[in-house]
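J.: Pasting in a structure now, in structure tokens, and then I'll have a few things to ask.
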Amino acid sequence: MAVDKLIWKIILDVIVLACVAVPILMIHLFAEPYQRGYFESDVSLRLPFKEQSISEGLLAGIGFAFNIATIILVELVRDKRGKGIGDKFLSGSLISGWLWESYTTIGVFTFGAACQQFTVNSTKYVIGRLRPYFFDICRPIPDTSSNLNSLGYIQAFTCQNTNAAELKEMRLSFPSAHSSFAMYSAIFFIFYVQVKGKWRGSKLLRHTMQFAVLMGAWYVGLTRVVEHKHHWSDVAVGFAVGAIYAVIVFVFILKPKKYGPPGDWEITQPQILPRPVLASSNY
């Protein structure tokens, strides 16, 4: 029995996602960051090391779970209201349209997340910017006999800390992957709810949710600065990368025009009352 087009589409989607996700894993496992030097007078690298309050796993879990739950809920409601895409056949079986639309949207969201993470992680290794806690973790001993240090920019040095994972991590400051993913997830949610989450009740409910999610992403970025994981510019660039990817993915891949404007965007003709006819009078 021939495999139908939807099966081939799913297989192709998985292959494409793997082509983006696997290089991210390869970078983490095998790549080495650029060996950047430092200035002894650079006080921005002398902050104490702190444990992070939001781990990569926690952030990814919240970002994916929240968006996936929102997508499924919105598509299910749209389907119940008769605004879905209709049922589809998959290998001879009829599947609900909301389920297929949820799969497509979640796939697009995941693809965008993988692309922005590949961008920020590859940039980390190319730039090799030192984290604010560099001196605390490395405790560097400059090589006084090396000509590389003659101008005051220390390139030849040895860290007293011998933990390879920590020494690698201290060189991955720019840009902030936490901030990038947090902002990507937030902007995608804001756009998705704005376009497809039609709500004719309280106008402010949807916008309050969007604001709360945006503030959540903002908070993630702030923690990266407060906990000395990144310089403020790392977070700013991370925010920008995440926002840009969210806009590109939503506008050019998900293509929201096919859904029409949200309910409160619908333009109605104003009720124009006829002008009163003034009675003529002869004097």
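Counting begins at 1 with the first residue displayed.
Glycine is treated like the rest: Cβ placed from N, Cα and C.
From TrEMBL, here are the annotated features:
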- 106-250: domain 'Phosphatidic acid phosphatase type 2/haloperoxidase' (DOMAIN)
- 7-31: transmembrane segment (TRANSMEM)
- 57-77: transmembrane segment (TRANSMEM)
- 177-195: transmembrane segment (TRANSMEM)
- 207-226: transmembrane segment (TRANSMEM)
- 232-254: transmembrane segment (TRANSMEM)
J.: I'm a bit unsure how to read this: which one of 7-31, 57-77, 177-195, 207-226 has the highest number of Cβ pairs shorter than 8 Å with the transmembrane segment (232-254)?
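T.: Between the stretches 7-31, 57-77, 177-195, 207-226, 177-195 has the largest tally.
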J.: Against which stretches of its own chain does the transmembrane segment (207-226) lie, if we need a Cβ under 8 Å and a gap of at least six residues from its ends?
T.: 52-54, 59, 66, 176, 178-179, 182-183, 185-187, 189-190, 193-194, 232, 234-235, 238-239, 242
J.: Can you work out the mean pLDDT of the predicted model over the domain 'Phosphatidic acid phosphatase type 2/haloperoxidase' (106-250)?
T.: 96
J.: Please report, as numbers and ranges, the same-chain residues at least 6 past the borders of the transmembrane segment (57-77) whose CB is under 8 Å from any CB of it.
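T.: Those are 84, 98-99, 101-102, 105-106, 109-110, 113, 178, 181-182, 184-185, 188-189, 192-193, 196-197, 213, 220, in sequence order.
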J.: Determine how many residues of the domain 'Phosphatidic acid phosphatase type 2/haloperoxidase' (106-250) DSSP places in helix, in strand and in coil.
T.: 99 helix, 8 strand, 38 coil
